[in-house]
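What Swiss-Prot records for 706-715, 879-891, 1002-1012 is compositional bias 'Basic and acidic residues'. The disulfide bond annotation in Swiss-Prot covers Cys39-Cys75, Cys43-Cys80, Cys54-Cys65, Cys425-Cys464, Cys436-Cys476, Cys440-Cys481, Cys750-Cys800, Cys759-Cys783, Cys775-Cys796, Cys926-Cys973, Cys1065-Cys1112, Cys1154-Cys1202. The domain 'TSP type-1 3' annotation in Swiss-Prot covers 363-422 and rests on sequence analysis. Summarising the annotation, Swiss-Prot assigns domain 'TSP type-1 4' to 424-482. Under the heading domain 'TSP type-1 5', Swiss-Prot lists 485-540. The domain 'Ig-like C2-type 1' feature in Swiss-Prot is assigned to 900-990. Marked as domain 'Ig-like C2-type 2' by Swiss-Prot: 1039-1128. If you look up Swiss-Prot, you'll see 1133-1218 marked as domain 'Ig-like C2-type 3'.
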Amino acid sequence: MQLFPLLFSLLLTSTPGSWARNVRRQSDTWGTWGEWSPCSRTCGGGISFRERPCYSQRRDGGTSCVGPARSHRTCHTESCPDGVRDFRAEQCAEFDGTDFQGRRYRWLPYYAAPNKCELNCIPKGQNFYYKHKDAVVDGTPCEPGQRDICVDGVCRVVGCDHKLDSIKQEDKCLQCGGDGSSCYPVTGTFDGNDLSRGYNQIFIIPAGATSIRIEEAAASRNFLAVKSIRGEYYLNGHWTIEAAQALPVASTVLQYERGVEGDLAPERLQARGPTSEPLVIELLSQESNPGVHYEYYLPANDPGRGFSWSHGSWGDCSAECGGGHQSRLVFCTIDNEAYPDHMCQHQPRPTHRRSCNTQPCPKTKRWKVGPWTPCSVSCGGGVQSRSVYCISSDGTGGQEAAEETQCAGLVGKPPTTQACNLQHCAVWSVEPWGECSVTCGTGIRKRSVTCRGDEGSPVHAAACLLKDQPTLTEPCVQEACPVFRGQAWHVGSWSLCSKSCGSGIRRRQVVCTIGPPGRCVDLQSSKPAEMEACNRQPCHLPQEVPSIQDPRTRSSDPRMLSGPRVSPVSDGREQQWAPLERPRAQSNPREGQDPNLSSAGRAPTLQRPPHQPPLRPSSGPRDCRHSPHGCCPDGHTPSLGPQWQGCPLAGASCLQSRYGCCPDGVSAAEGPQQAGCTRSHGSDNTGNRPGSRAVASKNPKIHQPQAHEGEPSECRSSRFGCCYDNVASAAGPLGEGCVGQPSYAYPVRCLLPSAQGSCGDWAARWYFVASVGRCNRFWYGGCHGNANNFASEQECMNTCRGQHGPRRPEAGAAGHRAHVDGGQRGPGGQQEPDWHRAGATIPRLPSPSGSPWRREQEPAPGEPPHIPAYGNRPGGQEIRPRVPGLDREARPAVPPTHSPSYRIRLAGSEPSLVQAAPGQAVQLFCPGNIPSEFQAGWQKEGRPISSNRYQLQADGSLIISRLRPEDAGIYSCGSHRPGHEPQEIQLRVTGGDMAVFPEGQPRHFPEPRNPDLGHGPPHRGTGAEAGGHRVLSPSHPRPATRLRLDRTQPGVVDASPGQRIRLTCRAEGFPVPTIEWQRDGQLVSSPRHQVQPDGSLVISRVDVEDGGYYSCVAFNGQDRDQRWVQLRVLRELTITGLPPAVTVAEGDTARLLCVVAGESVNIRWSRNGLPIQADGHRVHQSPDGTLLIHNLRPRDEGSYTCSAFRGSQAVSRSTEVKVALPAPAAQSRDLGKDCIDQPELANCALILQAQLCGNEYYSSFCCASCSRFQPNAQPVWQQG
């Protein structure tokens, strides 16, 4: 019994302690609130928070404080400035350019995710979204256009008073805490069902509407569309359905909601408002309309707004960061219709442009690669490399190099090397040799050589190495041919008679062709005579045959007319051909003049080739090729029968004669010191004349004239001539087998050197010299050669230059390459006239009397011919064409003259000078021999040229249009040429007394060809010429030039009634021509027809009666020229033949006619505002404007518009195309055994319900169901 009181007392003593501990546990208290944190946003409503500590006595680490430890409040609730980026979009943009599964995207906000406060973003152009963060930054709106915001990952309510968790809300009129009395509702249901397929207008929401809500009554295949009253679609326009999204429209945010593809759900549109412009709501109808409910609110007691400004939504920002701009349309409206802007001019006009996205751009790192180098080999497997480096981009286009370590974290550094040209190399394949070309003697045999690829198929010869190409031909030796008696002796032509009268002697060559003379004696007893008497008539009678004293003849033998004149010097200098001279007693006053220099007004005379008479008619055969049996293998002896009968055997030549060969390599000398050989031209101190026969002399060098320097290339006489290097022989007429093709922009055939061919039928032809852009003459042997061969200069220029070929640097232009020491060589190595190669013209010299032109003065007897000045070297040294037969030391010094001539300024240490006047155009050529690919680096005063008035031409020259004084300075070019200094040209812009003739438009007004001045452009000035300008000094008389009209101007001009038109007419010549315009032979003169100072005719207010032909007539007192211009007055455009509506059965062809009255009209078709592209299969558009659509389908229905355009005129007409569906069959057709449903793979009922039979993937599982039910095709979808 005593135990219970003890226990009771212990309980009483322990209870107060336990109670005290419980009291202390519950007395955990909050400390004071801390400071408010910075606001999470700078505008638009951010969140700031503060925290307080809990003081607790608990030992387990927990607390017993009741209430939140953090308090939030809104801050910076004022609206953000215009153009600031969406806050959620800024957070998504932080991941732009970062690696995401091996790719880099631009991220946009995605609002349709279930959790509104997660940072879900969607890549631009993709159809998936990704959660980048679990929570957005505090203060981010939960949905666009709404006031609720996210705080700590939870969507919190914000009242209209901008306070967190406030219950104060806006009414439908957007009044905070209002009762809705300041506006009135507009509600209704659009349930019309007689709608056409396509877009149908439902209603118009006026400007100023608030609390807009539009929703389908039930799910359907129809779509809601929104556009402005100007016809600009904001949503689902042009048959393109967009995904659910928030759209900035009419200064509010329009929230568009619909199900994804295959998920039928009613469509819904919501917007807070107020709208800044009327919005047109349409229904894109595809099936019956279940009804569309709509509700919006308008301000109450609106007295009628009258005319007022409306504006559209702001467009996209021009830059994603770093500061851009955006614009919007501002227009005047009343009663939901647009009116001209001046109707609203009494009200302030809203701004239409603002800045946007001013935040700095983030820097991103990425790898950048350079171009691949050429492959190390052309076949068989090689390697090529490229540079790969790390760069940093700032988002505005700026880039800078970065350390590779900064890109080390990026996935997949691009490779720096790769294999290339892995295909097997092509090889030469040879066929067996063919038969020999002869049955006896020596001939040739051929075989076929083909380049074949790795599979044995033939490929182009360029794929094989040309140096390894097997030979195509080789000699073959058959049995010796029988020798006939008449073929043993080779008899040459008679030489000139030793006397012209009184019995002279002449000789000829008689050679045994089969070996020693004894063999010929065995076959033929009598040897033909080698010498006979000649000219035995008395001296008062004419000579019977040509003699040394008078080589003229009436003989038709072409070999009697001229002969080679060879200098017997031992250094192998070239032969020179010239006309035979008359005896001094019969010489004309021009005797002694250089035969290669032309008289004024004539082109330079060609020098004759070897073995060739002057180019004049002759009745006799020209060479052995005209003999009945052709030529012998030596190329000059006529064959006496087939199989080279009577031809000399190999080795039986003049080399076996007693005194050896003459310098021509064919004729045998008749005595020592080349006695009996024909001399080269040029006179000597013994009185022998050119063309005379030589006699033995103790001083053989007496008759040696100066020959031209330079060795003739052996390739020139090959079958196809020389390659571009003038050393190697070409393998074909287009330079096959040649390397190092020049980089001139001319056809390939025009880049080759001249080729004389392998025959001797000499004729003058023309070839193109690409280095100067002109044509030159050369001797052609009559067969083979290459394709750079033309019958006339006009054909040559038209083929190689055409009307718009690369511009030829004019003579005198800086940088023109002067070929001074030698021109193109003719047959036998003779020089062709240098002035043709350089593109210059030998000018006429002015007479002392001051007349503009006269023929050149005759040189005094014994004096060398006078040579006009050809050009100046820097420092005054003059450059002239070489005079054949005249030694360099014997050249006379030509005194300076004021004659108008072309001069060539060679590149030197001083800059070339170009002068021009303001307003003109000037073309600068790079001085020196610089290829065009190195001329592109033009600079002025050491800085790159960037003005749009500077245009770089294809030939590397620079054109400066509309010259200004500030364009003067030092221009340099060729700076990209490795190892060379840039060339400089000084441009001086002056308005002094120098008359400048610009060549600013060379392609539109080509240089003339004056037949009186050779083949160069007309002389228009004197003095130094450079840079494409020709400067005429007023201190010297200007020469007369031929009148010509610019015929490159349009010959047909179209105009519309009421227009002002100009008919151009440009003329050049001196004296300056006057221009007049005529029509029907009468002068054109009226207040509407005015002739301008530049010669053009201006017609004001063109009328239909002004159409017709006009002639421009130019006259300068000496010449007269005219050209015709047709003026066509175009009538108004009209369209006929297109009915308002067309109904075509399904599967048939729709033929839509569009007949347009008018000329030069372009016709375009469109469907529902989108252009129609003809595919050549189902859709065709003929030139007359007819549109054909085969196999018409229901989806082809719509509004088709034919638009006709001509200049600024346009007209259009539309028609509605309806498709008549066939009547349903009474019984279902047999679908066949293969067309069945596959229920184990797809739910066909759902596919039919979702109307996905038009999808190839889904319909493949439900063939039978989709065949029985073919829904109409749906519009194009765009997801994301």
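A Cβ is built for glycine as well, from the same backbone N, Cα and C atoms used for every other residue.
The shown structure was predicted, so the numbers you read here are calculated from the model rather than taken from an experiment.
Annotated features taken from Swiss-Prot, shown on the structure.
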residue	record	Cβ contacts under 8 Å, 6 or more apart
Cys43	disulfide bond	His76, Glu78, Ser79, Cys80, Pro81, Val84
Cys436	disulfide bond	Gly443, Ile444, Arg445, Cys476, Gln478
Cys464	disulfide bond	Ala426, Val427, Trp428, Cys451
Cys750	disulfide bond	Phe768, Ala770, Asn788, Thr799, Cys800
Cys1202	disulfide bond	Ile1135, Leu1138, Leu1152, Cys1154, Ile1163, Arg1164, Trp1165, Gly1185, Leu1187, Ser1212, Arg1213, Ser1214
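In the predicted structure, the domain 'Ig-like C2-type 3' (1133-1218) carries a mean pLDDT of 83. Cα to Cα, Cys775 (disulfide bond) and Cys39 (disulfide bond) are separated by 83 Å. Cα to Cα, Cys926 (disulfide bond) and Cys796 (disulfide bond) are separated by 26 Å. Cα to Cα, Cys783 (disulfide bond) and Cys54 (disulfide bond) are separated by 114 Å. Put simply, of the disulfide-bonded residues Cys65, Cys75, Cys1112, the one whose Cα is nearest the Cα of Cys796 (disulfide bond) is Cys1112. The Cα of Cys481 (disulfide bond) lies closest to that of Cys425, out of the disulfide-bonded residues Cys39, Cys425, Cys973. Each residue contributes its Cα atom, and for Cys1112 (disulfide bond) and Cys39 (disulfide bond) those atoms are 81 Å apart.
Counting every protein chain shown, the number of other Cβ atoms lying within 10 Å of the Cβ of Cys973 (disulfide bond) is 28. Rounded to a whole number, the distance between the Cα atoms of Cys440 (disulfide bond) and Cys973 (disulfide bond) is 66 Å. On its own chain, Cys65 (disulfide bond) has Asp28, Thr29, Trp30, Cys54, Tyr55, Ser56 as residues at least 6 apart in sequence with a Cβ closer than 8 Å to its own Cβ. Least packed by the Cβ count within 10 Å, out of the disulfide-bonded residues Cys54, Cys775, Cys783, is Cys783. The residues of the domain 'TSP type-1 5' (485-540), classed with DSSP into helix (H, G, I), strand (E, B) and coil, number 10 helix, 15 strand, 31 coil.
In terms of local Cβ density within 10 Å, Cys926 ranks first among the disulfide-bonded residues Cys39, Cys481, Cys926.
Fewest other C-beta atoms within 10 angstroms, among the disulfide-bonded residues Cys759, Cys800, are seen around Cys759.
The DSSP secondary structure for Cys759 (disulfide bond) is coil. The disulfide-bonded residues recorded for this entry are Cys39, Cys75, Cys759, Cys1065, and the Cα of Cys759 lies nearest to that of Cys440 (disulfide bond).
For Cys425 (disulfide bond), the nearest neighbour among the listed disulfide-bonded residues (Cys39, Cys75, Cys1065), judged by C-alpha distance, is Cys1065.
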